[in-house]
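Going by Swiss-Prot, these are the annotated features:
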- C415: active site, nucleophile (ACT_SITE)
- C90, C96, C99, C178: [4Fe-4S] cluster binding site (BINDING)
- Q288, F317, N322, E341, D368, D389: S-adenosyl-L-methionine binding site (BINDING)
- 6-76: domain 'TRAM' (DOMAIN)
Amino acid sequence: MKQQAKSRKPQQPEYIFQVETLSHEGRGIAHYGSHPDHPADKHGKKVFIRYALPGETVKAQITHEAKRLEEAEMVALLAEPSANRVEAVCPHYGICGGCSMQHIHPDEQIRLKQNVLQSHLQHFAGIQPEQWLEPIRSLQSDYRRRARIGVRYLPKQDRLILGFREHHSNRLTSIHTCSVLDKKLSDSLPELRNLLQSLKGKVHIGHVELAKGDHETSLLVRHIEKLNNADVNQLRQFALHKGWQLYLQPKGPESLRRIDEEQGAMRLHYALNAFDVNFAFSPLDFTQVNATVNEQMVQLACELLQLQQGERVLDLFCGLGNFSLPLARCVGAKGVIVGVEASEEMVQRATDNVKRNNLVQASFFSQDLTKDFSHHSWANQGFDALLIDPPRAGAYEIIQYVPNFGAKRIVYVSCNPATLARDAGVLVQHGYQLKKAAVMDMFTHTEHVESIALFEKIQEIND
């Protein structure tokens with residue numbers, strides 16, 4: 001891993017360690033005392049070593065010291081590598097902070113993520129699912145269909161950096177390729193960097209965002225000062241050449257404007273073909289970055305809910321309708337889908353998507369789900385099933401209210417195993433049982449753990 005050597009700090013000590021196991025985020029764990037050169041006063045102290053794997057003997061440089069543990073970075077592998085070690089595919093791996101597990105075999109990444117979920121469920125809720133489902137895997141390595149890429153101009157060097165932040169740093173590292181970014185987007189990075197370098201107002205550009213629909217691509221340029229007409233025209237010509245939509249954003253989200261309006265409305269699109277639904281979205285809208293995992297996830301959610309024609313489903317944190325529209329197909333014209341989302345703009349987007357797909361059985365409401373919502377009409381209806389897809393903070397406030405919905409089945413989609421486990425414990429207290437769970441490799445080569453879980457209401461037995 002040649003990239004790592006560039007970040008070594010000679011003043012920091014280096015030691016030899018025997019790596020014992022992996023932490024939840026994929027770092028090797030070792031202890032002082034396993035080698036004669038270890039300081040005696042550190043005997044037994046735990047060390048977390050980036051890039052090291054269990055069973056390996058490594059030389060590592062200490063990067064951070066605390067009272068009970070230390071952090072380090074592997075600088076040399078001294079013996080046979082672990083069977084789970086693979087060669088990182090990205091030339092920027094080790095400096096760029098985007099990926100953290102490219103050195104770990106994909107199967108081991110999945111196993112580690114499932115262990116993380118199992119551990120959190122046991123620790124926070126004291127439960128395990130009755131059945132572990134097969135993990136949902138990414139079907140391609142270049143899975144990311146959107147990315148925010150930092151821009152920084154260095155006047156003294158007359159050099160523009162286009163790239164991602166370094167690990168645990170605000171410093172940008174320049175990249176010319178990204179192995180997890182959609183290949184067409186990745187291949188465009190050098191050309192995009194050269195374009196930005198040529199602009200007079202490059203010092204005013206903070207970042208760019210690339211987003212890809214099924215058939216369209218957008219380039220969004222975030223700038224803090226107005227760009228002159230010549231710069232805007234250069235950007236426009238680049239977008240025309242690439243066949244991309246071009247957007248400028250000088251301030252907040254409300255300032256977003258499309259420059260090449262003659263090419264169409266401010267929209268990208270993606271489809272979930274298994275459900276015959278199509279979504280329109282803006283470059284700033286939240287969409288899942290991994291298209292293949294998203295489609296598998298939506299299919300599994302619908303299968304787990306076992307929806308029947310005419311049933312009523314509540315979709316909480318519904319966004320632009322990624323689950324709502326497929327659920328509407330499952331319950332048919334006589335069913336009811338109610339979607340709730342904090343963002344009024346996303347509620348409007350979901351409503352528009354329902355109309356474009358002729359799904360009259362779905363309706364949407366704007367509501368901050370961390371606040372009291374019990375007085376709203378939608379909250380006082382009965383539902384056969386719930387789908388909950390919260391942010392990392394989880395859905396603790398909503399979970400308290402769940403018994404009032406009367407749902408027999410709940411599918412919880414999570415991007416944080418700790419908050420899923422916490423909320424699962426509350427659901428169990430409310431009389432639900434964790435039936436099935438699976439991890440989803442939405443963010444391959446990173447420590448992020450996405451998961452999906454099915455809870456079913458325990459039937460009460462009358463005496």
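Quick reminder: no glycine exception, Cβ is built from N, Cα and C everywhere.
Taking H, G and I as helix, E and B as strand and the rest as coil, DSSP gives the domain 'TRAM' (6-76) the counts 5 helix, 33 strand, 33 coil. Other Cβ atoms within 10 Å of the Cβ of C96 ([4Fe-4S] cluster binding site), summed over all protein chains shown, number 21. Long-range neighbours of F317 (S-adenosyl-L-methionine binding site) (same chain, six or more residues apart, CB within less than 8 Å of its CB): V340, E341, A342, L369, I388, D389, P390, P391, A395. Apart from C90, C96, C99, C178, the [4Fe-4S] cluster site neighbourhood in this chain, defined by C-beta within 8 angstroms of the site C-beta centre, holds H92, Y93, G98, Q102, F164, I175, S179, V180, H445.
Under the three-state DSSP scheme, C96 ([4Fe-4S] cluster binding site) falls in the strand class. The highest number of surrounding Cβ atoms within 10 Å, among the binding-site residues E341, D368, D389, is found at E341. Taking every protein chain shown into account, Q288, N322 are the binding-site residues, and of these the Cβ with the most other Cβ atoms within 10 Å belongs to N322.
Taking only the Cα positions, the spacing between C90 ([4Fe-4S] cluster binding site) and D368 (S-adenosyl-L-methionine binding site) is 40 angstrom. The maximum pairwise C-alpha distance among Q288, F317, N322, E341, D368, D389, the residues recorded as binding S-adenosyl-L-methionine, is 21 Å. Between the alpha carbons (Cα) of C96 ([4Fe-4S] cluster binding site) and N322 (S-adenosyl-L-methionine binding site) lies a span of roughly 31 Å. For C99 ([4Fe-4S] cluster binding site), the number of other Cβ atoms no farther than 10 Å from its own Cβ, over all displayed protein chains, is 23. Across the structure, N322 (S-adenosyl-L-methionine binding site) and C99 ([4Fe-4S] cluster binding site) are spaced 26 Å apart at their Cα atoms. Spatially close to C178 ([4Fe-4S] cluster binding site) yet at least six residues away along the chain are C90, H92, G98, R144, A147, F164, L185, S186, L189, judged by Cβ distances under 8 angstroms. Cα spacing between C415 (active site, nucleophile) and D368 (S-adenosyl-L-methionine binding site): 19 Å, rounded to the nearest whole number.
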